[in-house]
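As written in TrEMBL, here are the features:
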type    : residues                                                       : note
REGION  : 1-21                                                           : region 'Disordered'
BINDING : Thr73, Asp147, Glu172, Lys202, Asp206                          : substrate binding site
DOMAIN  : 207-368                                                        : domain 'S-adenosyl-L-homocysteine hydrolase NAD binding'
BINDING : Gly238, Glu239, Val240, Gly241, Lys242, Gly243, Glu259, Asn362 : NAD(+) binding site
Amino acid sequence: VGSDDETSPRDKQQKNSKGNSDFCIKNIKQADFGRREIEIAEQEMPALMALRKRAQGEKPLAGAKVVGCTHITAQTAVLMETLAALGAQCRWAACNIYSTQNEVAAALAEGGFSVFAWKGESEDDFWWCIDRCVNLEGWQPNMILDDGGDLTHWIYKKYPNMFKKIKGIVEESVTGVHRLYQLSKAGKLCVPAMNVNDSVTKQKFDNLYCCRESILDGLKRTTDVMFGGKQVVVCGYGEVGKGCCAALKAMGSIVYVTEIDPICALQACMDGFRLVKLSEVIRQVDIVITCTGNKNVVVRDYLDRMKNGCIVCNMGHSNTEIDVASLRTPELTWERVRSQVDHVIWPDGKRIVLLAEGRLLNLSCSTVPTFVLSITATTQALALIELYNAPEGRYKQDVYLLPKKMDEYVASLHLPTFDAHLTELTDEQAKYLGLNKNGPFKPNYYR
């Protein structure tokens, strides 16, 4: 595929079979292949399909104009098509320059969605795509679905007047939620926002169960490493760190943990991990995994002290945890070994193995279990419905958690998959506990 591959999608004339050209993707010819992937994903996303069935009659998102910025994969496509089935109009861009599945973007464009995304965008393409989503003559969004906060940031920067029409923001990542809380603190948040990252179902699934399965997958696919007996340091023992550590421990790795929070640190100790400072183990470990959501966790000084062949990767959302920029200096040689794997070589011949250039490993280098994403996507859909239909005044200009009732509804939609049978409280029991028979069962502060 010589020349065809070289032209940027931005410079190509694109049309789907219906003659619509309000999209920008890699190759519309891949649409059939993408459609099959979406159909496979639908099988593993029972809750979204159930939501479609239940709510198609009443169209709870009729009139909603959603602009979205998420990973564009078969799973998020099922979410987009669910939102459309519930009545919403959608325009979409990618929140990550590497994670777009081109064939899925093609299937969405063929299906009439305005999608602006392809795998391997440049930084400039990234913002161009977001702009094309938002900036359309005669179309104004009234809901935002964001993953990482970049879309929200762009609208604040370029089109602040749009917020007059926007009913709310739904944000799914730690990083994006953090940015919303900062806006709220500064008194600059001008619409209600729903933090779905911290809904209980999403926290446990997306971060704990998902990373428990995808960390080994990402490392195996990129490096073919054996885990037995390897010394690994995991930076951060939040939900993601817990998942990574559990998987590595089960494979026979010797796992060290670094942590700043004494509560998480104590949990790591009770789970049988050595709590250390990175500087104490950096010379001896075989693998370094960051999952703090912070920046400059692995700085150049640590990279200099690593042993030959050390594998370095990031499981947190932002790509700031490993100071990759500090490695782009003349005395170090970069060798691209295979897709998403670089060897960085020091003058004395020592090399480290850097995965996905320090970006999110489990999206760039492996696949995330669809069932886990089903939980997240269902939560996002319900948050959009909740904010869009909320009566005036229920939500102020602040950041909210998804109501527990909704959280429990997400979980209950997923139980049939396991043929799981829920016990119902008797009236007497409900009264004794002071609960409604149908929930919510947990107090709002339950994490």
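Each position is counted from 1, following the chain as shown.
Cβ atoms here come from the backbone N, Cα and C positions, even for glycine.
This view paints the features noted in TrEMBL onto the structure.
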residue	record	Cβ within 10 Å
Thr73	substrate binding site	23
Asp147	substrate binding site	25
Glu172	substrate binding site	27
Lys202	substrate binding site	26
Asp206	substrate binding site	24
Gly238	NAD(+) binding site	19
Glu239	NAD(+) binding site	22
Val240	NAD(+) binding site	27
Lys242	NAD(+) binding site	23
Asn362	NAD(+) binding site	25
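Per-residue pLDDT, averaged over the domain 'S-adenosyl-L-homocysteine hydrolase NAD binding' (207-368), rounds to 93.
Only Asp206, from the binding-site residues Thr73, Asp147, Asp206, place their Cα within 10 Å of the Cα belonging to Glu239 (NAD(+) binding site). Between Glu172 (substrate binding site) and Gly243 (NAD(+) binding site), the C-alpha separation comes to 19 Å.
Note: the Cα of Asn362 (NAD(+) binding site) and the Cα of Lys202 (substrate binding site) are spaced 17 Å from each other. Residues Thr73, Asp147, Glu172, Lys202, Asp206 are listed as the substrate binders, and the farthest two of them sit 18 Å apart at their Cα atoms.
In this structure, the binding-site residues Gly241, Gly243 were compared by how many other Cβ atoms lie within 10 Å of their Cβ, and the smallest count belongs to Gly243. Counting in whole angstrom, Lys242 (NAD(+) binding site) lies 22 from Asp147 (substrate binding site) by their C-alpha atoms. On the backbone, the CA of Asp147 (substrate binding site) and the CA of Glu259 (NAD(+) binding site) stand 25 Å apart. A Cα-Cα distance of 21 Å separates Thr73 (substrate binding site) from Val240 (NAD(+) binding site).
Within 10 Å of the Cα of Asp206 (substrate binding site), the following binding-site residues from the list Gly238, Val240, Gly241, Glu259 place their own Cα: Val240. The number of other CB atoms found within 10 A of the CB of Glu259 (NAD(+) binding site), across every protein chain shown, is 23. If you compare every pair of Cα atoms in Gly238, Glu239, Val240, Gly241, Lys242, Gly243, Glu259, Asn362, the residues listed for NAD(+), the longest distance is 21 angstrom. Looking at Lys202 (substrate binding site) and Gly241 (NAD(+) binding site), their Cα atoms lie 15 Å from each other.
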